[in-house]
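Engineer: This structure is in structure tokens; I'll ask about it shortly.
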């Protein structure tokens, strides 16, 4: 919620009101300090923006101080709008900070500037305040916990103890805060014991065991203690949390505590390698201190909650490894620790560059294709609007009939069922409209109209609308690329192993997805759009921007006009299934998930099939069918199919491979040129038309993205001709690179 405090309406206040509407924030407007204070106490806004430009209306700093005196403002972000002065030296912001302002905003009534300011606040100060606000509930839990909790700094200076700790140890909190730990465990082998604990916690491991501690009055008490290191800024240990439970002889000791005590008598100094999030606070400590019946009932309820098996598969894997560590020798436990560290990362499927990071071509390709760009807010807005005009059926010329295709085009498509089919010959014959003609032929071969229950004229209109919304001005991402991917998809669908796996609805979805997978592509990468702050990047939150746009626009173009709506006669549930498969396949072409898709395919499909063959089960149709036909594996196969079709250029015959390499290089050159013109971050600096080595860039792309993927796809679909072309093309590019040539072809 945002509160605007402006005495008069002007362009600046209107800019912030517009920005609030665009960002979806609730907004209130106050004209006087009194109304502002009343409104804030009623609504508790997250952001307050106060006009400090005109002191004759009200004292902005006094208003800020008044707001800051209220309890409700503790987590509120307050912004001061100040005048822009170009004729005098910059003034200090210290008076504003002293008054309680969070930051200042130099007047700029540009709507997008106001919007950018709000978005930065939301993901900066406001989000931080939300986290601080949540800390209150955590400290409430700590205060009410029946376990003694002590938090120290990395240097073992006490920073917090809860009431249970005060009661157990006999100290008041004021006697402990900012004091170094002077009370140490009393043990016959004290030095060795402390070394054991420290050797565990200093490397980030949890320690748990028994020791005796001395209370303020000198009495010794036995405690079941758990010490957890807390990783903070810089990846270093910044705090230690100690959780203690009293053990005594009054039969009040929990059974879990007795088990630990019995174990610790033989090996008290065990360093337990446990998941750091497991068992941090005993849930029983949150039960009420009411009657025994009520307490018992709540314990029972909490136990049922914690016995629920609502956990992700990765959580189960981590728990299994944790359990295995309990009884493992130290070398094994350390190896399992390294495995756990890998499993806890978010990038499980993206390989590290290793020695390849010295190759600028590989680094730039990875940076340009597998990231969402370096975020930089600027006034340079790339004009690719989600609201731009797109071609529709009514604005296009009459579609041709499959039976009326001119002889030259018919001849160009004669061998379209073969991998060596020349898409560039068809491009020339159709005057850069290959998608309509090739689409009509391939869709007829696969019986798409019969499956969709639509007429051929509807299909023709649809193909024309889709092709019209590809940009012919793009050197690479145009309708010829779409037709090429459609051809590769149809070729893969004809392979025996693929036919065994997919249903008719999967084939239809694959062909449609291939047709639309790059519709309305602007000839720029996702990184470029994010850096330029394009409307599409904002619409899709900088995530899979283009792929989301291609999928969404394809369905918008299809369903907005009955003349080209190929889905209009489908049954609702079947349409929803088809739509979901199409969307999933289009989104699979996004390169940030490249290694995830490939590794899942290898581990879930290639390896199980290879194991069946090695075990002599090659003829066991049921076992193979189980691997191929599971719903999860069919999804992986469809994703892999369209991914391979989308970037199959290096597996095409040499002349086609060379032509595609030239086209994609030109598109990247044009992007680099535009980034430099607009002052944007250059995401692929090696693609400078004056210095780039095309052979090196092709070899880097093939080495990093193509070889492993097509090895896996060939093992599944049996594609010896593609692999032969790939090997020949690698030799060709290496030959040019060995002669230090940077061009597509050697000189005559």
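Using N, Cα and C of the backbone, Cβ positions are placed for all residues, glycine too.
Curation does not apply to TrEMBL; its annotations are automatic.
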Engineer: Any idea which of 180-221, 222-263, 264-305 is down as region 'Disordered' in TrEMBL?
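Structural biologist: Within the set 180-221, 222-263, 264-305, TrEMBL attaches region 'Disordered' to 264-305.
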Engineer: In Å, rounded, how far does the Cα of residue 477 (active site, proton donor) sit from the Cα of residue 518 (AMP binding site)?
Structural biologist: 7
Engineer: What is the total of other Cβ atoms whose distance to the Cβ of residue 646 (AMP binding site) is within 10 Å?
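Structural biologist: Here the count is 23.
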Engineer: Far apart in sequence but close in space: which same-chain residues, 6 or more away, have a Cβ under 8 Å from residue 518 (AMP binding site)?
Structural biologist: 470, 477, 481, 482, 485, 546, 550, 589
Engineer: Relative to the Cβ of residue 698 (AMP binding site), which residues of the same chain, six or more apart in sequence, are found under 8 Å away?
Structural biologist: 650, 661, 729, 733
Engineer: Hey, of the binding-site residues listed (478, 480), which one tops the CB count within 10 A?
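Structural biologist: Result of the Cβ crowding comparison: 480.
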